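Asks: First the structure, then my questions, so here it is.
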Ligand SMILES: Nc1ncnc2c1ncn2[C@@H]1O[C@H](COP(=O)(O)OP(=O)(O)OP(=O)(O)O)[C@@H](O)[C@H]1O
């Protein structure tokens, strides 16, 4: 991204907070104005009092100086609150925008952009922009005002003394700039090492049973010690750099002071410089130390911020591939029957040479119960993901009640289809909240009814806190079968006309699976059910069975018809019977 576009982006981030920015900048200007004026008062005090020292003269100078100094610190505080506050506000806005934008993107986006990278953009990169807009803006404005107001007054007092004392400041600026890059890299390394160690802790806690089964405690101890040592080394390097830089700045500032004392003292002796002017110059030189040093940090903060703007804009400029068409049709769920059709439907994953689905055609009547069986990788999940448009499918191939699904609003399409995916994902909250995730306002009775259809209610009432039992991270405290039936109850809570179960009862025994299937149409209408499964005895009870192979539907019929036909279904059925016998 070009610098001008980046600056425009920064402007756009700042725009909503222009009032605070203006107030902050005015406050900084005032602080710097006072910072120049107060030493001038001190100068007159010193010059007057050195001629005639009276208590009334002391009071005459001390009170305004004390009041102005207090006012200066108060205004400085206000400027910091306003300007740092903008950084925090922009951080809040950006995090919210990124999160909301990520929610609009399709699952395929998250397959190519890892969670770690997205988290780092939403945290570290946002943090860099916060620093750029808070700290860097404050420091830059402060440095500009400090030099703009102080330098002319210093030069008017003594040009050569000013130039001699500030001659060392460019060196200070360069030093800080070099170090600040180093400090940021070292800080990033500490964070990286810390995240390595927390990843190890997280993995080991999740896999503690595996560690014990294979007696790997010693190896894990070594791995932890190594990562812990890496954190220590990175922290020590950072501390060394910090502890070198700050005394060095102090040292260089003292050199400036020494130059003024050395050159100034001889001028005072010669009568060409008053003591008041000498003291004023000393104060001004001191005043310019921090703005100069901070400018070095500001440049690094700007460079980091630039990279971060690009990284964040890369997310925000990604347009969702699956979105409502401008003329998308609104199809209220109450009017839908649930008839599904595919007409020569094909789908290929990006970069894949062979299509995952190849010219599939079928009709599933409303209220029909269809099982989809087939070998691993034959395209069953791809078909299931296509119906609620979790995949970016082309128009004119899949239809719901005769309407092209790409023309229906996503909200309507997805509320028409209840979908239980292969992996039953549970949140670390109560059983009740997990079930009513699909309808957060559902009453307790509705949750219980859904759990009854999914045949999980009798087990839930034996949990320690019944429906209020916390299921642990990703449902860890539940068995695989319990997790699957909880996810099924979640789908049953919404009275959608179409229900897709993608191998969603694989951890449930055949009898329970068949009982659940018989239960499914117990809502206000008969649902269209698409039951993807490897459990052929449960599939046999469905109205029809589709047999898939290499992205195509190779057989369609009832269990009896398919057995008579022979082909892939009979082979699968024979294998299934052998497996059942061996159980
Ligand atoms: N995200 C993806 N990117 C690229 N290829 C994919 C992706 N997901 C699936 N595939 C490929 O598409 C084909 C169909 O996969 P799909 O998951 O639909 O099969 P499946 O019949 O559901 O298998 P299973 O019975 O194991 O669940 C496979 O060859 C698979 O490798």
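Using N, Cα and C of the backbone, Cβ positions are placed for all residues, glycine too.
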Asks: Out of 104-122, 161-179, 180-198, let me know the one TrEMBL marks transmembrane segment.
Replies: 161-179
Asks: Transmembrane segment per TrEMBL sits at which of 245-269, 270-294?
Replies: 245-269
Asks: Sort out for me which stretch, of 21-46, 58-75, 161-179, has the most Cβ pairs below 8 angstroms to the transmembrane segment (132-155).
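Replies: The stretch with the most close Cβ contacts to the transmembrane segment (132-155) is 21-46.
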